[in-house]
Amino acid sequence: MLVGITGTPGTGKTAVTELLEKKRKYQVIHLNELIRKERLYSEMDRERDCVVADMDLVEKRVKELVNRIYPLTLIDSHLSHYIADTVIVLRTRPDILQERLSKRGYSVEKVEENLDAEALDVILVESVEWCGEVFEIDTTKGSVEDTLASVEEILESILRERDQEIQQRYSPGSVDWSDRFLD
Ligand SMILES: Nc1ncnc2c1ncn2[C@@H]1O[C@H](COP(=O)(O)OP(=O)(O)OP(=O)(O)O)[C@@H](O)[C@H]1O
């Protein structure tokens with residue numbers, strides 16, 4: 001079974017999946033790394049320092065890599081909601097996301113573009129459109145370990161044929177960053 005962990009850059013997908021990977025309980029595929037390493041893209045956008053993934057190639061490759069000794073395969077990427085039917089969307093309040101992205105040395109334009117996308121719920125809306133099941137975790141407060149505990153709770157619930165309480169606790173729609181656009 002494939003589960004995506006998606007969200008705007010800087011919301012914590014890689015930090016949390018790297019911790020999860022160490023536990024060796026679930027398979028983790030860091031998709032952005034794979035796309036670059038295996039050149040699963042159709043174009044390079046040098047100006048924006050990103051690639052345009054070829055999603056047909058990506059999906060085919062992910063299916064080949066799924067290792068069935070694990071009960072579940074987690075895909076870490078802001079593109080994972082295009083290939084998994086169940087996704088966890090990580091969210092971060094824009095002022096905190098700004099601190100995280102600025103530390104990466106991104107340009108002001110690139111930071112602002114990502115903050116707007118987060119405030120407009122772009123990835124959440126895409127996930128709801130594309131996926132049958134969507135969970136949402138706010139990573140604004142708390143530590144990476146807290147986010148990991150929430151992710152594990154969701155994954156265990158998925159494997160236990162869904163727990164109503166967990167589904168309600170992480171149901172999408174709990175965050176609202178629209179005050180970014182109020183002045
Ligand atoms: N509660 C939290 N949950 C997850 N990450 C957190 C949390 N608090 C702080 N962080 C930090 O936020 C940063 C998130 O960066 P990370 O690279 O994991 O994001 P990402 O979503 O994978 O971004 P990208 O899509 O660019 O790969 C990390 O440095 C992490 O330590």
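Glycine residues also receive a Cβ, built from the backbone N, Cα and C atoms like all the rest.
A simple way to gauge crowding: the CB of K13 (ATP binding site) has 29 other CB atoms within 10 angstroms, across all the protein chains here. Following the DSSP three-state reduction, the secondary structure of K13 (ATP binding site) is helix. Under the heading ATP binding site, TrEMBL lists G10, G12, K13, T14, R104.
Secondary structure of the region 'LID' (103-113) per DSSP, as helix, strand and coil residue counts: 6 helix, 0 strand, 5 coil. What TrEMBL records for 103-113 is region 'LID'.
As a whole-number mean, the pLDDT of the region 'LID' (103-113) in this prediction is 91. Summary of the ATP site environment: with the site residues G10, G12, K13, T14, R104 set aside, the chain residues having Cβ atoms within 8 Å of the Cβ mean position are G7, P9, T11, A15, R100.
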